[in-house]
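Participant: Before I ask anything, let me first share the structure, which is written out below as structure tokens.
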Amino acid sequence: MSVVPPNRSSTGWPRGVNQFGNKYITQATKPLTLERTINLYPLTNYTFGTKEPLYEKDSSVAARFQRMREEFEKIGMRRTVEGVLIVHEHRLPHVLLLQLGTTFFKLPGGELNPGEDEVEGLKRLMTEILGRQDGVKQDWVIDDCIGNWWRPNFEPPQYPYIPAHITKPKEHKKLFLVQLQEKALFAVPKNYKLVAAPLFELYDNAPGYGPIISSLPQLLSRFNFIYN
């Protein structure tokens, strides 16, 4: 049985090298939260209305990457944020997704403006996409970042890490858990449907929902859900 000397790190490579180099370790380290409790409410608690269609900025995938290329030359890496809204049906968590057509699903969110704060930007985007039309301000509660994805090139593939040898990713996407109030009214653009997809349907289902949405069951497994 080998024993690691007390003054020697047991992590990193080569042996004894800490990959963070104590860069992120301070004396005033925050206490670790071992369990995070999130309240979920039934889907039937929420009312869904409609509003005018909300169209994408780009008419095609090729046009989207061309605009991304042009903007990258001017302002650098694109920053996008998306919100994960969860309800429950029969004590099973469901994620609210926007459906366009018959096979395309997305999380609500979008591009941040240059210099825009991530949380404030996501609140703005959530209001634009799902905000009610009667002037009542929606209260979006955003406390937890649950995932980071990077696009290394001007192409569809995205990864939950920056691939080796990539020094200038073209897009950084952050996923945030948006905690819903007990009751709320959402206005959905007419060209979309808002669907509630159970976690068991998303799990390991990249062909149906893409790699990001299908990874949500793993990302959400760290939370302790309370079914109200």
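Glycine too: its Cβ is placed from the backbone N, Cα and C atoms.
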Participant: Quick test of your reading of Swiss-Prot: among 110-131, 154-175, where does it put motif 'Nudix box'?
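Facilitator: Within the set 110-131, 154-175, Swiss-Prot attaches motif 'Nudix box' to 110-131.
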Participant: DSSP three-state call for ARG64 (site 'Interaction with RNA'): helix, strand or coil?
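Facilitator: In the DSSP reduction, ARG64 (site 'Interaction with RNA') maps to helix.
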Participant: Quick one: pull the CA-CA distance for GLU56 (site 'Interaction with RNA') versus ARG64 (site 'Interaction with RNA'), whole Å only.
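Facilitator: With the alpha carbons as reference points, the distance is 9 Å.
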Participant: Residues with Cβ closer than 8 Å to the Cβ of ARG64 (site 'Interaction with RNA'), same chain and 6+ apart in sequence?
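Facilitator: Listed in sequence order, they are GLU56, LYS57, ASP58.
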Participant: Around GLU56 (site 'Interaction with RNA'), how many other CB atoms lie within 10 A of its CB?
Facilitator: 12
